[in-house]
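The Mg(2+) binding site annotation in Swiss-Prot covers D454, D460, E463, E464. What Swiss-Prot lists as domain 'tRNA-binding' is 40-153. Taken from Swiss-Prot, the feature domain 'B5' applies to 400-476. Annotation source Swiss-Prot lists domain 'FDX-ACB' at 709-801.
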Amino acid sequence: MKISISWLREFLPNFSCETVSLVERLTFLGFEVEGVEESASLDRRIVVGRVLETEPHPNAERLTLCLVDVGREEPLRIVCGAPNVRAGMVVPVATEKAKLQFPDGQTLTIKPSKIRGERSQGMICAADELGLSNDHSGVMELESSWEIGKPFADYLESDVVLDIAVTPNRPDVLSHLGIARELADGAPLQYPSQQSLTYQPAGERIAINDAVACPYYTGVIIRGVTIRESPEWLRKRLQAIGLNPKNNIVDITNYMLHALGQPMHAFDCAKLAGERIAVRSDCQAEVVALNNLTYKVEGGMPVICDGSGAIAAIAGVMGGMASAVTESTTDIFLESALFHPSMVRRTAKKLALASDSSYRFERGVDSRMVQQASATAVALILELAGGTVECAMEQGSVAADLQLLALRPERTNKLLGTALSGEQMVELLERIGFRCVEQTTEQLLFAVPSFRVDVTAEIDLIEEVARLYGYNAIESSRQMATIYPTKRQHPAYFPDFLRGELITLGFREILTNPLIKRNDAALASEQLVDVLNPISEGLEVLRPSLLPGLLKVISHNIRHGNRDQKLFEVAHVFEAKPQVQQTQQPLEGYCEQERLVMAITGSRYLRRWNHPTDMVDFYDLSGAVEMLLEQLNILDKSVVNIYTPSALSIDVFLTEKGKRTTHRLGIMQPVNAAWLKHFDIEQEVYCAELDVALLERCYQPTSAYEPPSRFPVVERDISFIIPEGVSAQSLVELVQSSNPLIKTVTVFDRFERNHESGKECSIALSLTIADAKATLQDEKINDILATISRNAESKLGAVIRQV
């Protein structure tokens, strides 16, 4: 959002601040300044001149010979191509050696030259040639009272434009008024003059058919307006923030949006059937918007219709061409309204149509600014376009009372680490429009201004106190510091990091009670930890496994209609040590571990006409576990082994102090029938339980980046006959370690058959081979394949299958 400092002074006449200090101040208030644009400083060799004489160019019909007084002894002879140049005009003149910078970045240095055979000693400038606007219709005409020969730059108002990043929760500062409030420090703001209007009930002239989409709507009919170019001051205001002026009516509505933050729209009354307005959200039609593009409006999108039902505007987003103000317009209907944020956002997103209006309505506008902005705009229209007000109407209502919130000074100081008094907090908040309506030693009661739609709870008030007091002014406090155990490395707290990874895999977290029933716990272990003083029956032992609690949740969800579930929990489990009697040494009588349990059950996909209703199986679970291990950079040093006839174990290899050891990370299995029956579950459930501490030990926070080879990558397929008992994983690891040029090894086929010598198993591998330094030759590739063959035969007894 762009903010002009000179425009800001309309609200704060005495505001003065160096640009660097202002940027720093806004940053500490929570508004990042992304860019600073200073008005271009014109070359002082561009001066004010007066055209003394003009005559047609003898060799060109469209050129004029001008004699121009620039305050020197002799006037300058200048060739000009502008159609509006005439004797007596006061104009900006670029004299010899003056430098002009055009909007496209190109520069021009003025020097004496001949144009179609006639000498020219300078250049009479148009506005776009000076970087003041995009107008190239003719040379600029200056005030006749300006001193001839004086640098033109001395008559220009210098300005600084800030490009401010506003967070989505602060729509109140999406205007010059909003920024002025933040910078005022309690000083009174100077508002633009308003027309005295009395808004009468609209009756049938304004109908709101969807009060949710539009709770409040005002309209003012003005007769006899004259559509013309806006005055220079208004054009400059809009140009400073990057807008192109259109005409006085449209420019005023744009001015109101950026000055006060209230989007407005003007309709041509002659193009509104019956001069009536209806706000609806049940239309299905096409509409041509002001950008000359056609949009298909669907049900649920709020629109503005006229008396015939034709769409005149997309509510809160953009007006329609059918009712647009043009040069022939004489009567206008001025809209100022309140539209529902989420409905405007949904409409703008579906139509892929964003505008300055939708940007503000999506975030929330000040409900009490609707009438104020309307009255201000009417005053400007009467001043700049003439006409008379026929009527001012309203339909709907806004909340009469402001929201009240309590702030406890003691809690505020405790959270912020400050020692502010209640009076100081009142002074800070009243600077930006809050009003203290009741004050006691325990709490302060504030009326929240209508423009602060983001302040809904006490913590929001506390945040405002911190922001206004200054985060940099809050002293560091050791008591406020959070100290994590020294063994924690990046990420700061591994279980939370693990939770985030599982959520990205589509699992939902559950939290279950660590105290469970004895008969539930007995399914998982016989070494139970009894609670000496249970709070109730059914909560007498600590859980030895996370699985009972998880199955209880699954059973509950199934009974309530949710059969498709992907759940996880990260929590502690407890198991008794049989050699220690718990009654004598309770703290030493058990061991505690942090575990992760994952479970899936139900359909693989949502039930759709184009999807089979396949149920999840063991491979869905193992795939999710593999993806988790890959996210943690553990997959390449893990292996899956047979644990029991119905379960697989996940083992990982750790190399510590030069010695490689194998550790059991956890198991994956279908939940057995006895457990399912115990928890009244009649569908298959697949689960995995992993050791969180071991996951953290194995976790590699970063992966070394290896740039892709600039040389061609070679792919080869190779098939082995492997002896019974040799796993495919061991074959993959052996092939991978045979040569560093082998980048990937994947299994793409497995085949078994009965042979004379017994069962024969064939494993087919796909290899990717790449060299970062050179193109691989056939000889080198054949050597790599030969090495693989020798290693496989000597170490695993695997031989290449002959076709």
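Yeah, the Cβs are placed from backbone N, Cα and C, and that goes for glycine too.
A map of Swiss-Prot features onto the structure.
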residue: D454; record: Mg(2+) binding site; Cβ neighbours (10 Å): 17
residue: D460; record: Mg(2+) binding site; Cβ neighbours (10 Å): 15
residue: E463; record: Mg(2+) binding site; Cβ neighbours (10 Å): 17
residue: E464; record: Mg(2+) binding site; Cβ neighbours (10 Å): 22
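Summarised as a single figure, the pLDDT of the domain 'FDX-ACB' (709-801) averages 86. E464 (Mg(2+) binding site) carries a helical DSSP state (H, G or I).
Apart from D454, D460, E463, E464, the Mg(2+) site neighbourhood in this chain, defined by C-beta within 8 angstroms of the site C-beta centre, holds R452, V455, I459, L461, I462, R467.
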